[in-house]
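K.L.:
Have a look at this one.
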Amino acid sequence: MSAVNENNLEGVSETVLTLRKVVVNESEPLARRFRALFSLKYLACLQPPSEDTLPAIEAIAAAFSSKSALLKHELAYCLGQTRNPDAVAFLQQVLKDKEEDVMCRHEAAEALGALGYEDSLEILKALKDDENEPEVIRETCDIAVDRIVWENSEARKAEKLKPSDFTSIDPAPPMPLEAAEPSIPELEKTLLDTKLPLFQRYRAMFALRDLASPPDLPTAVQAVDALAKGLKDPSALFRHEVAFVFGQLCHPASVPSLTECLSNQEEAGMVRHEAAEALGSLGDVEGVEDTLKKFLNDPEQVVRDSIIVALDMAEFEKNGEMEYALVPDSGAPAAVSA
């Protein structure tokens, strides 16, 4: 694929140009770059696509030159949510780059799985079976292959899935609805069974997530407690996904587990960073902001960066702002100051 052309921006709208300048600028505060990214994501995800959609995808991809692993991994996540084939080549390039940060490569693999295009299977299968690759890459590619196969299967068309409160394209769908809905203990058993394929365990994870939303659902606390047990799993990839789900749920019952995870200096950076951002989404819960501030000078860069973003998110939660972006996630995008 050709690299993002920085010189061919003729005809790109002022909104996209302004957001692009922010997201690629290493001198901009990280929190502001994240807000610009989520604004570009809104444009990149438009269905049907608008004249801003491809330029927004290219603007997101242009920021892969950043030094921030945290930002780059979020770029990959956002491209995976676009349902747009124009994002595939950018993500494949990131995944193939052995010099790229592992967390970013993992997110690119997961994003290719979310997009669901079969032309990504070749690279994903090759890396899944490459013993020279880090475990997190092999595991992510394994799940991504299973998701793409599922996405394009006849079995998927026959499945009935419970409607979800969440619009995200997840690494795996929730468990299908059978004659009787699986109980939380049954889902927990699948979630924690390390002998099962990761894709199947992820399906249990997202089924539990959907039983924990909205937070006043009678099953919510029990489902959160079941998910929390997944934070003790031997797989760092699995633990990080549990923390991500907690960030989606914003359930106060997850705060103790997330705090323990963030506080564990022996925990993998990709897990601690996800715990930090999940706590940021719970910023209106008493004590969370003070917990986050304790890690502003953490030895690990990705954790420090996550704390900056998490505190910005916490401030956003406390202020009751409508959208964590420089333009809204719904309605017509507005211009922003450069």
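One-based numbering along the chain as shown.
Placement of Cβ uses the backbone N, Cα and C atoms for every residue, glycine included.
Pulled these from Swiss-Prot:
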type	residues	note
BINDING	H73, E74, H106, E107	Fe cation 1 binding site
BINDING	H240, E241, H273, E274	Fe cation 2 binding site
REPEAT	71-97	repeat 'HEAT-like PBS-type 1'
REPEAT	104-130	repeat 'HEAT-like PBS-type 2'
REPEAT	200-233	repeat 'HEAT-like PBS-type 3'
REPEAT	238-264	repeat 'HEAT-like PBS-type 4'
REPEAT	271-298	repeat 'HEAT-like PBS-type 5'
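Just tell me what is around each of these and how deep it sits.
P.N.:
Packing around H106 (Fe cation 1 binding site) is summarised by its Cβ count: 26 other Cβ atoms lie within 10 angstroms of its Cβ, all protein chains included.
The 10 Å shell around the Cβ of H273 (Fe cation 2 binding site) contains 29 further Cβ atoms across the protein chains shown. Under DSSP, H273 (Fe cation 2 binding site) is assigned to a helix (H, G or I) in the three-state scheme.
Nonlocal intrachain contacts for the repeat 'HEAT-like PBS-type 1' (71-97), taken as residues 6+ away from its ends with a CB within less than 8 angstroms of a stretch CB, comprise 1, 4, 23, 30, 33-34, 37-38, 40-41, 44-45, 47, 49, 53-54, 57, 60-61, 63-64, 103-115, 117, 119-120, 123, 127, 168-169, 305.
In this model, the repeat 'HEAT-like PBS-type 2' (104-130) carries an average pLDDT of 99.
Residues 139, 166, 168, 171, 198, 201-202, 205-206, 209, 212-213, 215, 220-221, 224-225, 227-228, 230-232, 270-272, 274-282, 285, 287-288, 291, 295, 303 of the same chain, all 6+ positions outside the repeat 'HEAT-like PBS-type 4' (238-264), place their C-beta atoms under 8 angstroms from a C-beta of that stretch.
Counting same-chain residues at least six beyond the ends of the repeat 'HEAT-like PBS-type 5' (271-298), those with a Cβ under 8 angstroms from any Cβ of the stretch are 70, 103, 231, 236, 239-240, 243-244, 246-248, 250, 252, 254-255, 258-259, 261-262, 264, 304-318.
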K.L.:
Rounded to the nearest angstrom, how far is the Cα of H73 (Fe cation 1 binding site) from the Cα of H240 (Fe cation 2 binding site)?
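P.N.:
Approximately 13 Å lies between the Cα of H240 (Fe cation 2 binding site) and that of H73 (Fe cation 1 binding site).
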